[in-house]
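Pulled from TrEMBL, these are the features on record:
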type     : residues : note
TRANSMEM : 6-28     : transmembrane segment
TRANSMEM : 35-54    : transmembrane segment
TRANSMEM : 60-81    : transmembrane segment
TRANSMEM : 93-116   : transmembrane segment
TRANSMEM : 131-149  : transmembrane segment
TRANSMEM : 227-244  : transmembrane segment
TRANSMEM : 256-276  : transmembrane segment
REGION   : 287-317  : region 'Disordered'
COMPBIAS : 297-308  : compositional bias 'Basic and acidic residues'
TRANSMEM : 329-347  : transmembrane segment
TRANSMEM : 353-370  : transmembrane segment
TRANSMEM : 402-421  : transmembrane segment
TRANSMEM : 428-447  : transmembrane segment
TRANSMEM : 519-543  : transmembrane segment
REGION   : 630-652  : region 'Disordered'
COMPBIAS : 633-644  : compositional bias 'Polar residues'
DOMAIN   : 717-919  : domain 'ABC transporter'
Amino acid sequence: MNSLTYDLTLAGLAVGSAAALTGIGLIVTYRATGVLNLAHGALAMVCAYLLRQLTVEWGWPLWLAAAVTLLVVAPALGLVLDRAVFRPLEGDTVPALVASLGVFVLLIGLATLLWGTGARADAPELLPEDPWIQLATAVLLALGVAAVTRWTRLGRELRAVVDNRSLAVLSGIDAGRVSAAGWAFGTVTAGLTGVLLAPQLRLDPYGLPLLVMEVMAVAVAARMRSLPLAVGVALAVAVAQSQLTRLHPEGAAQPLVQAVGSNLFAVALLVAALGLPAVRASGEAPVPATAPRARLRPRDGTPVRDPRGAAPGDAGAGQAARAVRGAPAVPLPLVAGILFLLPLGFAGSDLHTSIQVPALAVILLSLVVVTGRGGQISLGQAAYAGLGALLTAQFSPHMPNLSALLCAVLVIAPLGLLTGWPAIRRRGLALALTTLAISLLVSRFVLEQPYALEGLVPDRPAGFSGDRAYYALELALLALAALTVRALRRGRYGRALAAIRDHEQGAAAAGVPVPALKLTAFVTGAALAALGGGMLTMGVRAFDPGAFDPVRGLLWFAAIVVLGSDSVIAAMAGAALLVGLDAGTQGGWAAAVIGVLAVATGRVPVLRNGLLPALGLGAHSPAPSFRARMPSGGSTLAPVSSSPVPGRGGHLARVAGRGRTVAGRAGPRAPDGARPLLPAVLGRSALGVPPARRAWGSRAGKRSPHAGDAHLAGDVLHVRNLTAGYGRHTVLRDVSLDVPQAQVTALVGPNGAGKSTLFHCLAGTLRPRAGAVRLGERDITRLPAHARTRLGIARTFQQLAVFPSLTVAENVQVGAEQTASGAATGRALRLFQLDRLADAPAAGLPTATLRRLELARALATEPHTLLLDEPTAGLDPAETEALIRVLRALAADGMALLVIEHDRELVAELADTVHTLELPS
Ligand SMILES: Nc1ncnc2c1ncn2[C@@H]1O[C@H](COP(=O)(O)OP(=O)(O)OP(=O)(O)O)[C@@H](O)[C@H]1O
């Protein structure tokens, strides 16, 4: 190895050791608490500042200052975070993510207030510059953690908590102690990272936290699990980054190579985050269990509570919700409008500062669309705002300035696919990290490049060069943007977006084209952010990449979430707050205030929907803005075998397993047996609507790929030799099944046998590894869920999939308007006697009502095949009996029903054919 290679390797090892420390700290905290601590870098920065304060400012000896910083203050900070912030959020991934962002911006705000924004170059060196010593520190720490995990009681407890927290608690383990230890250790490693890195960098409140955030790549690449892998990735990336500095290509490639050379961790973060869904699918990271889902889950019929405190029960919940939703005494948009007009009366620097407010409000509106309405975490809006600003500035010498702004918006809008595309398959943490990485890369590779900055002096449009005139123009653009966002939040598009936010799989099951809508939300968001960015840069007549730094993006995200992410007013208030608090002071107040509010969400649950909605201000939905779920999680399962199981009323059949074929399937039960029940459930006398035969039966022929009565007489849905599973676990092997028309087919089997998995394959939420699903002759194996709904296959879920932020009528409408005529909504509501509750929000309704609602939504899509996963869960005997009547009536009417049910008596009463899935013996 020549001496240059050796020197660069050593330099890389020094940085890699600090990165390895970060990885170790993040992994230990994550394993112990389930929280990916986005504030790790901010904690590192605070510890570095503290050490500098104690030594440089107050003259303490280094050893004493280091001991106090790393052994007293850092662990104490970790314990405070555990008790005060994260413990109340246990298990809620997304609120914990927001809280850790809150801690991030709070610490940055406090550091700015205490130490200013100027960079310090005199941070003390704790360890000698020798990279081997730093590397030895990281390796020793990793070995120490491994030893503690393996051989101590705390380690055993940690492993138990990681495996199954509730079980660990039940067996007497103090999970609180484990998470406290995790936080304390994580903060000490953060502190160590900070004090090691600070002398090598300029110490300022923004740089170090952001750098450490990039370094999260090593923990993510190690799947938040393997310490050796994290250390290895840290060293490899750092050494590679260091070696890249040797390359000096000529011409256009030079800035690119240089940018890669100094941002390899950011690139690694994107690559690692893009690989994250695979981790989640195998149950690695819990998907957010947000409040509404918990409310909708009881299986014992307990009424669920309205998130705004409305009394449970149909009418009560509806009234209370309407009371909260009702228009405030003074129309809020009017008040906001007047307040925004006030700066027109300002002069001088006040007016000049105010110019930033409408522009920032437009940027925040982009988050209302993507995050508030669409429920997608986007930490990358700063990138679109920056690109909008950059392009506006670059176009402005070549065309009228307003046209430059418009062109920039049009060019940037499709770039929304950059974050929209990953969002199709990612949620929660994975999406947060991906969008953050994209924002980092855009900032480093485009906005901060010298070629992007040269000679950019954007000007204001002709006729609007004065501050007052320009502010008036901004107000007009803001009003336009706000009206667009309001329009998007209403109507069919708004309902569908809200459905995705509330329950993504439920939305797809209702026929909502989830990927297309997500892309539309991101594209709209990118356009709005670009517009705001362009307005900002024209307003200040300069392009400043620092104004669109990823840290700003995190602050904007935190601000809109804590104020009310689904609220136009919150965007306006947020902009005023952010600009107003930082104007005229040394800065930092806005971050500190937003940070405090974000951190408080753990302790004050009412804040989780946002401060303004909590105060009864601003349009909002009752549900928190983030929703995501996966198919039911669980343990590994061996392949399925099959054997006949006696059914009482229904005929017996079996599912083919391990290559066996279907045997013993009998013909359908005569529909006459069910037909007399029809009028009792559906008759004109009770509900004033025609029987279901007219309502749905006629659609079956129309919808089926082979229209006509001949087709109705045969099987509709066929499963052939299906093999499916999760990750490396095979759940179903070689399963075959037919779902015939005008029959109730039941699917039974022990817990974990794979019944829901089979449903997911039929409904399109899980892609089988082998085999085929056919509708008539058409192979639909690769069709997404919403497309199958549109072909007439509707489903319900084992755990209720209702959209709590929508009313009862809107829930049903979402289904009807994707596939059927408008009249289907009214028919479905009446059929399930939900018409009197039409305007009540779904949140807060009892389980039995929600089951009816889910079924009504499924039927509103006018299906010919209905897949029901434990439809009687949570129903009392009378409700179950009524449901059975409806289901038999539907079958008698020609519909194909496939029902998962555990209650064998019920199966015997309901089913014409029973299939059983069995675990292998
Ligand atoms: N998303 C997932 N990731 C990993 N494993 C999963 C996932 N969903 C289900 N499993 C596992 O697949 C197996 C089959 O689960 P499935 O829910 O299909 O069974 P089931 O027969 O419907 O059970 P139950 O009657 O309890 O609902 C179980 O071992 C479960 O733990």
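Using the three backbone atoms N, Cα and C, a Cβ is placed for every residue, glycine included.
Summarised as a single figure, the pLDDT of the domain 'ABC transporter' (717-919) averages 88. When Cβ-Cβ distances below 8 Å are used as the criterion, the transmembrane segment (60-81) is approached by residues 39, 43, 46-47, 50-51, 54, 103, 124, 126, 180, 183-188, 190-192, 195 of the same chain, each at least six residues removed from its ends.
When Cβ-Cβ distances below 8 Å are used as the criterion, the transmembrane segment (131-149) is approached by residues 10-11, 13-14, 16-18, 20-21, 24, 28, 155, 158-159, 185, 189, 192, 196, 227-228, 230-231, 234-235 of the same chain, each at least six residues removed from its ends.
Stretch with the most C-beta contacts under 8 angstroms to the transmembrane segment (6-28), considering only 93-116, 227-244, 256-276, 329-347, 402-421: 227-244.
Sequence-distant neighbours of the transmembrane segment (402-421) (same chain, 6+ residues past either end, Cβ-Cβ under 8 Å): 378, 380, 383-384, 387-389, 391-392, 395-396, 434-435, 438, 458, 461, 518-519, 521-527, 529-531, 534-535, 538. Sequence-distant neighbours of the transmembrane segment (35-54) (same chain, 6+ residues past either end, Cβ-Cβ under 8 Å): 22, 25-26, 29, 60, 64-66, 68-70, 73-74, 77, 81, 86, 89, 96-97, 100-101, 103-105, 107-108, 110-111, 114-115, 120, 122-124, 126, 186-187, 190-195, 197-198, 203, 205, 208-213, 215-216, 219, 224, 429, 432-433, 554.
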